[in-house]
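Notes to accompany the following structure.
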Amino acid sequence: MAAHRSLLVLLPLLSLLLRNAAAITLSSRLIHRFSDEAKALKASRSTGDAKWLGRWPRRNSMDYYHLLANTDFQRQKMKLGTSRHQFQFLFPSEGSNTASFGNDFGWLHYTWIDIGTPNVSFLVALDTGSDLLWVPCDCLQCAPLSATHYSTLDRDLNEYSPSGSNTSKHVSCSHELCTAGPNCKAPKQPCPYTIEYFSENTSSSGLLVEDILHLVAGGNGVSNNSIQAPVIIGCGMKQSGGYLDGIAPDGLMGLGLGEVSVPSFLAKAGLIINSFSMCVDEEGSGRIFFGDQGPNTQQSTSFLPSNGNYETYIVGVEACCIGNSCLKQTSFRALVDTGTSFTFLPEEVYDKIAVEFDKRVNATITSYEGSPWKYCYNTSPQDLLKVPSVTLMFLANNSFVVHDPVFPIYDNQGVVGICLAIQPADGDIGTIGQNFMTGYRTVFDRENMKLGWSRSKCQDLGDAKSMPLTPSPKGTPPIPLPTTEQQSTPGGFAPAVAGRAPPKASAASSRPRFCLLRWLALLVLFCIVIIF
C-alpha cells in the first residue's frame, strides 16, 4: 500500500519533468588534453610512477606541436582507412607480369601463381568475368600439360593434388561459400562445384579446397615481404569444351565480384584495399596488382547493378564516337571482361559505329568467305593507313579512347589487311574485351564500385621497378593478334570467351554466347581463303 502511494506521488513529478525537458540545459567544461588542468587531473588520478609529469609538453613548445601533429596524422590515417590494410600492393610470388601467349592459349592473358605447401606453379588465365580460381587437379579429364603441346612454353604445366599439400583442406558442404550445399548428401561431405562459361559447352568441375596462395607485398616502406593468403580453390578434376583445346589448360583465376574470388579473400582478410588493376601493352605483356586504386589523375565511371545486385563489372556508355564525330543513340551497358579477347556491342550500336568507321578509313573494303569479321580492308606495308579512333563516352565527359580499334592480317610479305576488331552482340548488353584495354592501366575499384583507367606502358605503376619480375617463357609474341600462319596451325581456334555463364533465365539479357567450334570452322576457312 505504501509503494502504491509513493507511485502516485512520483507520477506527477515525472510528468512535470517531461513537460519541461526542453527547458533543461546540460553543460560541461572542455579541457585541452595538454593543458595545466589536464596535467593536474592526471596527477591526482595517478597511483604509479609519475616521472611522465616531467615530460609533459610545455604549451607552444616544439614538443607540444609535434604531439598535436602526430595525433592529426593518426586521425588522417584512420579516415583514409589505411590502418585497416596491411599492404599497399600484392602480386603473385612469381612476379607481377602477365602475358598473352597467342594462338596456343586462346589470346587470353595469363600469369604464373604458386599454390600450396610445398608450392606448385600454375599458369592461370585472368578473367574478370568469373569468380572462382581453379586449377587442373587429380585429373579425370584435363587438357594436356606437357610443354610439347604448346609452342610458347619451355616447361611443363603442373597438376595440383590436395594430398600433396600440407596446407590444403577440403571445403565441406556446410561451408557458407558452398553453393552446392542443398544437393549434398551430408554436411561434412566435400563441396562439389561446376562452373559453366560463355564459350559453348565449356566448363570446369570438381571439389572446392582451401589452400595457400603465395603472394609478394610491395608499396611504400615495404621490402617485398612474402605473404601466404588462404583462398578457396577449385580442384578441377574435369574440364570440357575450350578448356580441353588450349584455353586455360593450367587453370583460371576468377577476378569477379563474388565472395569466392581472390580479390574478395585478400580484402576480407584486411591485406589490401578492395581493388586491383590490370595493364596490357601493345606487345601483349602487362601487369597485375592487388590493392591498386590507380593514380589520382585517372578517369573513372561507376559500376552498375544488375537485377539490383553488383554481380559483375557492368558500366554504362553514354555515347560512342568515331574520330571526332559522336553518334546519336549509341548508349548501351557493357561488361568489362578480361576473359574476352575482342569487344562486342549491341547490334544497333555496332551497325552505326561500323558504318561511320567504314566512311573514315582510307582503305578498300574486302570480304573473306566464312569470316566472322564483316568490316575488313586490303592494305600493304607501304600503305599509310588512317584508322579513326573509337571513343566510349561516360558521364561527366569521361572518355575511353581506343586509338587502334583494328587487328592486322599477316602473310609472309607482312600486313595484307586489317579488320575492325568489334563484333555485334545478341541482346542489349555489350562486352568491353581485352583489345579495348590495350595501352591502359585498368582499375577495378571494388571498394568504391568504380572502373578507372589511365594511359600506361605497363612499366610505370607505383613501385613496379622495385618489384621482382618473371620473364614470360620464350618471351611474349611480337604480334598481339592473329596472323594467317598462326591461325592455320594444327589446333588453332577462335579467340576465347571466358566468363561465368549467366542463369538460363537471364541469358538473353546478360551477355552473348558463342559456339567455339563454329568460330573454329569460320576462322580456319578464313585462313584458307587468304592463303589461296
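Every residue, even glycine, has its Cβ placed from backbone N, Cα and C.
If you look up TrEMBL, you'll see 1-23 marked as signal peptide.
In this model, the domain 'Peptidase A1' (109-454) carries an average pLDDT of 92. Annotation source TrEMBL lists domain 'Peptidase A1' at 109-454.
Every protein chain shown contributes to the tally, and the Cβ of Asp127 (active site) ends up with 27 other Cβ atoms within 10 Å. The annotation active site is assigned in TrEMBL to Asp127 (among others).
Taken from TrEMBL, the feature active site covers Asp337 (among others).
Positions annotated as region 'Disordered' by TrEMBL: 459-498.
TrEMBL lists 470-481 with the feature compositional bias 'Pro residues'.
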Spatial separation of Asp337 (active site) from Asp127 (active site) - C-alpha basis, Å: 7
